[in-house]
Amino acid sequence: MLKIAVLLSVLACALAGTIPDGLLPQLDGRIVGGYETSIDAHPYQVSLQRFGSHFCGGSIYSHDIVITAAHCLQSVDAKDLKIRVGSTYWRSGGSVHSVRSFRNHEGYNARTMVNDIAIVRIESDLSFRSSIRAVRIADHNPREGATAVVSGWGTTESGGSTIPDHLLAVDLEIVDVSRCRSGEFGYGKKIKDTMLCAYAPNKDACQGDSGGPLVSGDRLVGVVSWGYGCGDVRYPGVYADVAHFHEWIERTAREV
């Protein structure tokens, strides 16, 4: 396990002013209550890295495009970014690629976390194989209760200071936006129409999983965005709603 307490502290301090109404964005991703998996089961999964350390996840959209969260790329230069693909382990294996450019959604708001999505263009084209594949993006939301899987190298407990070397995944259920903002859970009006929720008791994404994929029916339906703690029964994980951004993703992938 890699000790990253200092890194997490720096990130928390740097972004303290952007936390919406006391809620903690899932910076750097985490999987709580999950299981070890392999990149062959999630070949679209990538690790975003700076200075040799994993800090966010992402999803392969095409041979040279990755989808991630806008909050992952605040105050970041493209020249400092690397993306590891095709490996179950964020520290080794697969291949590492430089980043040519990226674009955050122009409507991203760090206080409310709306439009928390970004497009990254890799410097060189990826060679697809069993461990490196693009994922199709959703053009409509999955039904309430549909099974979904989120994967990543995030911490395994809320506030954790270590991240696993091995890729983890957890199975969740989709929660309709109207239900997610209802009194059943604790978010209320903080849940916006650009967001999607997913939930299972004591299971969740966590710090370090940010930007990573939520997949249902072999489609990318969500991008790990934020939440209150990790695995809290009152607070589902909150994701950028990929179907809502379908046209933006297609357009920006051509332009970035």
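Using the three backbone atoms N, Cα and C, a Cβ is placed for every residue, glycine included.
Features of the protein shown, as given by Swiss-Prot:
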SIGNAL    1-22  signal peptide
DOMAIN    31-254  domain 'Peptidase S1'
DISULFID  C56-C72  disulfide bond
ACT_SITE  H71  active site, charge relay system
ACT_SITE  D116  active site, charge relay system
DISULFID  C180-C197  disulfide bond
SITE      D204  site 'Required for specificity'
DISULFID  C206-C230  disulfide bond
ACT_SITE  S210  active site, charge relay system
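According to its DSSP assignment, H71 (active site, charge relay system) is helical. Its Cβ placed at the centre, C72 (disulfide bond) has 29 other Cβ atoms within 10 Å. Mean pLDDT for the domain 'Peptidase S1' (31-254) in this predicted model: 93. For C56 (disulfide bond), the count of additional Cβ atoms within 10 Å of its Cβ stands at 30 [all protein chains shown]. Put simply, D116 (active site, charge relay system) is 6 Å from H71 (active site, charge relay system) when counted between their Cα atoms. Counting every protein chain shown, the Cβ of C197 (disulfide bond) has 25 other Cβ atoms within 10 Å. Note on proximity: of the recorded positions C180, C197, S210, the one nearest C72 (disulfide bond) is S210, by Cα distance. All chains included, 27 other C-beta atoms sit within 10 angstroms of the C-beta of C230 (disulfide bond).
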